[in-house]
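Q: When I checked TrEMBL for this same protein, it listed these features:
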type	residues	note
DOMAIN	A:6-519	domain 'Cytochrome oxidase subunit I profile'
TRANSMEM	A:24-47	transmembrane segment
TRANSMEM	A:67-90	transmembrane segment
TRANSMEM	A:102-125	transmembrane segment
TRANSMEM	A:188-216	transmembrane segment
TRANSMEM	A:239-259	transmembrane segment
TRANSMEM	A:271-292	transmembrane segment
TRANSMEM	A:304-329	transmembrane segment
TRANSMEM	A:341-363	transmembrane segment
TRANSMEM	A:375-395	transmembrane segment
TRANSMEM	A:416-438	transmembrane segment
TRANSMEM	A:458-480	transmembrane segment
TRANSMEM	A:575-597	transmembrane segment
Amino acid sequence: MSTAARKKSLIWDYLTTVDHKKIAILYLIAGGLFFLIGGLEALLMRIQLMKPNNDFLNGDLFNQVMTMHGTTMIFFAATPLLFALMNAVVPLQIGARDVAFPFLNALGFWLFFFGGVFLNCSWFLGGAPDAGWTSYASLSLESPGHGIDFYLLGLQISGFGTLISGINFLVTIVTMRAPGMTFMRMPMFTWTTFVASALILFAFPPLTVGLLLLMLDRLFGANFFDPALGGNTIIYEHLFWIFGHPEVYILVLPAFGIFSEVIATFSRKRLFGYSSMVFAVVLIGFLGFMVWAHHMFTVGLGPVANAIFAVATMTIAVPTGIKIFNWLFTMWGGNIRFTTPMLYAVSFIPSFVMGGVTGVMLASAPADYQYHDTYFVVAHFHYVIVGGVVFALLAGTHYWWPKMFGKMLNEALGKITFVLFFVGFHLTFFIQHFLGLMGMPRRVFTFLPNQGLDTGNLVSTIGAFFMTAGVIILLINVVISSISGKKAEADAWGVGRTLEWAVSSPAPEYNFAQIPLVRGLDAYWLEKMEGKKGLTPAEPLGDIHMPNPSVLPFVISLGLFVSAFGFLYHNDYSWGLPVAILGLVITFGSMFLRSIIDDYGFHIHKDEIIEAEKKGVKA
Amino acid sequence: MAQHANSENPNVNLAYRRKKNAEEMKRQVISFVLMILLTLIAFFAVGYDKFSHWFSIPFILLLAIVQVMFQLYYFMHMSHKGHEFPAIFMYGGVFVAFLTVWAFATIVWW
Amino acid sequence: MHVEEKLTAETFPAEPERATLEGKNKFLGFWFFLGGETVLFASLFATFIALRDKTAGGPTSEELFQMPVVFVATMLLLTSSLTSVYAIHHMKNFDFKKMQLWFGITVLLGLAFLGLEIFEFYEYVHEGLKYSTSAFSSAFYTLVGLHGSHVAFGLSWILTLMIRNAKRGLNLYNAPKFYLASLYWHFIDVVWVFIFTVVYLMGMVG
């Protein structure tokens, strides 16, 4: 754009990009791909469980598919898809030209990507991990082959990426806000991104340690979890859930943020109770760290510990309830437009409340002894994660698609996707509450006929096909939009409230020609209500400083990917250790290069900006 | 003094800043001496066998916490202005750290 | 202020590490990272506390730990923390040579600490405390070893910065980098304070 020299091939451009908007697209593509893989695995499981004594998948394969479904969906689909939306939207919402650390932003993406690829390599190299997404130590230590090792190393690599991205968003939101964008004027999606990033910062280290200890036990002869030598497997469970429970909020808080944006936008009303929404998000984030042992009620921690964690867990229902009512009051009396994103938002509320109610049921420690490890739990967390997070991702994708790609998605197809997905979701998971109450344990690969489980499982499987159909229509929608989609305006929905709708769709490389002056909550809406076309600038038009692209994030991540193979096989083959060292040399060598090569970035000149802005106005 | 800090003349400003830095450094050395002292007390408390475990373990933990406060607030300058966010996030980390250690010291199911 | 600007002692800002937006970002980001590191080490400390008397018939901490070695190591690291404070003091005075000198002393002290730790591990292995001996041995070597690897990383970081900037002196591009390296070094000392208290001193008490 700026000079002829920067006209590189598309692939090289994306391999070296540090632009948050392009990284968002990378996250969307990679996360979407893993979402399809995870969805396929879910479908395979439902086919196996369609009828009693089915032999579509054998028990071994079922365990692998089940483990990979959970792991892929949490770590490699939901998290990166949220990062896609955060990257696309948050810098624009706070009136910034970029994130605080563009280089680390790219590094975060490539680490996640190589971690996910590494994990999925297990399918072709002797079998996937098979100890569930939690990979409890007692079970995973006994798992033969290298599946679990793929899980450990893959998650470790992608975990670093997630941590880096979390820190990046925290600093971005603290330092990069436009003049006038105080904390209490930040859009809810930015607020939830901030709190979720803080949770990432504190929740991922325990996971890192848990995975590290398990890896040391499996590959390097340590005894953390071997009772014969004094080890204790409960340590792993604690570490996993100290991470695992905040992880739920890492996923669901940004989902809340997306719905807050969508509901306010399409109700044409300011979000009801904005400050109580902020308060609720922070409180949920805080309480989220004090409840992890409710996943371990049946471990035998003792009645005192169980009681404390039960009460703490139920407390979270209070801030969540605040949010639910605020959404309802936002819609009340609003001028509601049922676009595709709004349909997801409206249906999210009852769906998520059902997940919340079963959550409070599960939080009662004595009752949990009945529910534990049954399909009731499966139904509960799918109501929360699909009804909350996946609905939000679908809503957010439809809502911000024009801002990311400059073209509208087809509304009719969007609504068909919604209906299929919504019906399929409830068909699949509602019945699972009852399957669980009737005693069907989770994670089993088959069941016997005539125990009252046949019809329920069949219904559930039919629901899964509905969801699959919905996703296929979404993919068709994407293809049609990219070929012949309507070009999106800057304010694509016509009722945008926040700053991202003030810049062209897609946003120019430098986001804002002039950093805006923010004069209140819903900054763009305020300007529109005063009859202004654009934002009030906070600075004169001038040269804009931009970060240089770099291939080093890719190489650093590639090094860890290579090194992980070396460590995985170092007990089996003599080439293992040299390969591991080679990979680390690549990684640390690239970090060294990054440290010693000065990178001052470059400038886009004022004339080019004026020209680009003119073009943007014309189009 | 305060007016000098805002002086337009960079040389006056420099002299002021040098002096302030020197004062700050003096405080750093004092906190270093205190930290060494705390360390000595901790080693002594463990070496002295007339103290029971019930006294010496909480005592040396307390000394460690005091010493770490010196590190954070003086050596790492957390007492300076502009450290509000660092403080929030350090204390956030300490909160989760405390919960973790507490849980592992009580409910790991011996 | 701009990163590439040539500065003198007079124009050098009072807080060079935060004078530019890049510096401010790095400063905050690194503090946040240290918040995360706190939880990382806490998880390992918690694991160690849960396993510290699970020796499975192998050597116990009371049998192994020697007060003099730990004491010397502690003094070395504490002193290196002070010397890096001196280095930053001279950075703020725009005295590049003295800063390099004090960082150099810090590196030497750090190397001595690392050498002592390697020697200590070597001794323990010879006395029968191998990595796979017991849950205690695994937890001990992992916690203290991870601290040691932080020391090694910190040393190579400071050395890289010293060598890279040896010829061109201080500016607002590298001042935040030196500042962060010294923060990292202090954090390593913070962790060590808890290691000598929780692992060694409590281990000797039993």
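Just so it is clear, glycine is given a Cβ too, placed from its N, Cα and C backbone atoms.
Give me the lay of the land around each of these features.
A: Residues 20-21, 23-25, 27-28, 30-32, 34-35, 37-38, 41-42, 45, 99, 105, 108-109, 112, 115-116, 119-120, 123, 128-133, 135, 147, 151, 155, 158, 162, 165, 169, 172-173, 189-190, 193, 196, 247, 250-251, 254-255, 258, 385, 389-390, 393, 396-397, 400, 403-404, 500 of the same chain lie 6+ residues outside the transmembrane segment (A:67-90) yet bring a C-beta within less than 8 angstroms of a C-beta in it.
Long-range contacts of the transmembrane segment (A:102-125) within its own chain (CB-CB distance under 8 A, at least 6 residues past either end) are made by residues 17-20, 23, 26-27, 30, 34, 37, 68, 71-72, 75-76, 79-80, 83, 87, 146-147, 150-151, 153-162, 164-165, 167-168, 547, 550, 552-554, 556-558, 560-561, 564-565, 594, 599.
Remote same-chain partners of the transmembrane segment (A:188-216), defined as residues 6 or more beyond its termini with a Cβ less than 8 Å from a stretch Cβ, comprise 82, 85-86, 89-90, 93-94, 135, 137, 140-141, 148-149, 152-153, 155-156, 159-160, 162-163, 165-167, 169-170, 173, 222, 224-225, 235-236, 239-240, 242-244, 246-247, 249-251, 253-258, 260-261, 264, 271, 274, 277-278, 281-282, 284-285, 288-289, 498, 567.
Same-chain residues lying 6 or more positions outside the transmembrane segment (A:239-259) and placing a CB less than 8 Å from one of its CB atoms are 74, 78-79, 82, 85-86, 134-136, 187-193, 195-196, 199-200, 202-204, 206-207, 209-210, 213, 281, 284-285, 288-289, 291-296, 323, 327, 345, 348, 384-385, 388-389, 391-393, 395-396, 399.
Residues 259, 262-263, 266, 294, 310, 313-314, 317, 320, 324, 327-328, 331, 371, 376-377, 379-384, 387-388, 391-392, 394-396, 398-399, 415, 418, 422, 425-426, 433 of the same chain lie 6+ residues outside the transmembrane segment (A:341-363) yet bring a C-beta within less than 8 angstroms of a C-beta in it.
Beyond its flanks by at least six residues, the transmembrane segment (A:375-395) meets 73, 78, 81-82, 85, 248, 251-252, 254-256, 258-259, 262, 340-342, 344-345, 347-348, 351-352, 354-356, 358-359, 361-362, 417-418, 421, 425, 428-430, 432-433, 435-437, 440-442, 474 of its own chain at Cβ-Cβ distances under 8 Å.
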Q: Give residue numbers and ranges for long-range contacts of the transmembrane segment (A:458-480): same chain, 6 or more residues beyond its ends, CB-CB under 8 A.
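A: Hits for the transmembrane segment (A:458-480): 36, 39, 42-43, 46-47, 49-51, 394, 409-410, 413-414, 416-421, 423-429, 431-432, 435.
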Q: Do any residues of this chain, six or more beyond the ends of the transmembrane segment (A:24-47), have a C-beta under 8 angstroms from a C-beta of it, and if so which?
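A: Sequence-remote neighbours of the transmembrane segment (A:24-47) are 14, 17, 54, 56-57, 62, 65-66, 68-69, 72-73, 76-77, 79-81, 83-88, 109, 112-113, 116, 120, 397, 404-405, 428, 460-461, 464-465, 467-468, 471.
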